[in-house]
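As written in TrEMBL, here are the features:
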- 1-10: compositional bias 'Basic and acidic residues' (COMPBIAS)
- 1-23: region 'Disordered' (REGION)
- 11-22: compositional bias 'Pro residues' (COMPBIAS)
- 541-676: region 'Disordered' (REGION)
- 544-565: compositional bias 'Basic and acidic residues' (COMPBIAS)
- 557-607: domain 'Signal recognition particle SRP72 subunit RNA-binding' (DOMAIN)
- 566-578: compositional bias 'Basic residues' (COMPBIAS)
- 592-604: compositional bias 'Basic and acidic residues' (COMPBIAS)
- 639-660: compositional bias 'Polar residues' (COMPBIAS)
Amino acid sequence: MAPKPKEKPKPSPSTPSQPLPPIEDLFTSINRHIQRSELKQAVKVADEVLSIAPSDEDALRCKVVALIKADSFDSALSTVQSSQKLPIDFSFFKAYCLYRQNKLDEALESLKGQERNSATMLLESQILYRLGKMDACMDIYQKLPKSKIDSLEVNVVAGLVSAGRASEVQGTIEALRVKATSSYDLAYNVACSFIERSMYTDAEQLLLSARRIGQETLMEENWADDEIENELSPIAVQLAYVGQLLGKTPYAIEAYTDIINRNLADELSLAVAVNNLIVLKGPKDISHSLRKLDRLIEKGDGAETYHLAGGLDLKLSLKQREALYINRVLLLLNANRMDQARDLVAALPNMFSDSVMPVLLQAAVLVRENKAGRAEEILGRFAETFPGKSKAVLLARAQVAAAAGHPQIAAESLAKIPDIQHMPATVGTLVSLKERAGDIYGANAVLDSAIQWWSNAMTEDNKLNIIMQEAASFKLKHGRQEEAACIYEELVKSHGSVEALVGLVTTTAHWNLDKAEAYEKQLRPLPGLKGVDVDNLEKTSGAKHFESGSHVINEAHEESKNKNKEKAKKKRKRKPRYPKGFDPANPGPPPDPERWLPKRERSSFRPKRKDKRVAQVRGSQGAVVREKHESGAAGSSAHIPNSKSSQITTSKGNSQNAVVEQSKPLSKSSRKKSRN
């Protein structure tokens, strides 16, 4: 390779004898380099042009665009800022560079005052999408001219899904006159709308179609297999997620694990797969899950002490980033790493200022540290400061207070949620909490308020009947019989409830017998019951029916007995089943009736005889030994009556002798003596 020639010194503008370089040729070279994606060479040539003409707008524009395409956003911003003194407006490029650096607020500010053309509106919509302001993003999408922007429907559907308006997707693509399967990107986004609408089977089928369309499209464009798999990795992750939602847990775990192990997906898909796999495993293998998340979440210095690795902060949405941090806090709590959980929770409010999850996680940490009172205080303060976000916080406060034995605080928290105030579950919980707190009057007021609200509610699914039944039972339980009777009477008049009629009769019988008898006549008579002999009923365990002054048998009862007799007659006897090879004509000798008794309990049992050669040893040990030597046989000790000391000595001697004889080993000579 020949050495590069030394660069000639640049001609000075003060020497008119040397001709200027041809700028047209330099621009031709810039164009050639950009078409060949030789971005660094294009930047160098643009610098040569700027060395000749520092204020050349076209050269500056080519340099900035080449730096942006090369992902050198810092250099592009420096070039834009250095040209601020020139009468050239690079605000759009500045906004785009800030957007790619995730400085979204600054990017949005840079777009102010710009002409509202397709490019600026599309960039603004992307910034708003990244900021999570989906409604404003969709307003801009709907104003964009479709004819001037390629694949606008893909962004529109993505914006609708992210804005929580998945139900509008079908109508939107019909209005745009496109099919869901016109491209794999659009099919993927429409499938995401199906997932939001809990249409998991339809989403699975559309995702499979999206993968097939993507493979065919990219193969026609001569993509490599690894590149195709990388491009379609979001579809693979979403298929695993749909399998997870459909209850195909083994398939989902296998799919997530395969995506992670092969490492052929983009950073965003890998992060989502890791997070979903951790959620599937739950508290199992916490240390392994924490190691996986630690590769995604890094701790740094400065205002933002935590950030995501691999540029995930720029690629993941706000909800996805929040999910990663939430799962890490939950894993730390399960692993009992309270210091790390406390540090991470303290950093979350600055990272997700519009979310309620940081304060909920902070309360969870405090509850784990047995500081329920402090958790209740923090949740209550947040609910007062941000009433628009207070529903989930108040529910959490009620749960914490109820578990900590503070029923009054729990009831107070539930009472501050107007949306669910009169629902049967909420009413029942409030009544139970106030009963635990001893506030019977307050519990009764809750029931009365619910009855009044449901009486005025014009809804198809009216819960008034349920509330009134429970209210009547509660009032009876606490001795408010007249109020309970009024509720039962209202139920009888409005709904004709038999249960309410029975309750009304039994309730009013305690204090208004005439009224109870009047309502008792509305009850249907029992079939076959003509009357009850009250006097005889008091003497017997049950009621007997009478007719014309004489006791008769109930007709229905007699009919049932006759039916039972007929059934008993119809029941045929089954033939006995004998063992194999048994002949009932020649059964042989009968079996022993004592065959199941233990041997010692049978009549044929005979105990073993004792060995008569073993003589009974009595007396002191010395006397026994002396007699054995004298006679060669076991001697008997002399009996001395009325001598307690002798008896004690004799018994001691017997026990000692027995122990000595048992402990000594027998020799051959001693055995011969015992035989004689």
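The backbone N, Cα and C atoms fix where each Cβ goes, glycine too.
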In the same chain, who gets a Cβ under 8 Å from the compositional bias 'Basic and acidic residues' (592-604) while lying at least 6 residues past its ends? none
Using DSSP three-state counts, the residues of the compositional bias 'Basic and acidic residues' (592-604) come to 3 helix, 0 strand, 10 coil
Local confidence of the domain 'Signal recognition particle SRP72 subunit RNA-binding' (557-607) - pLDDT mean: 75
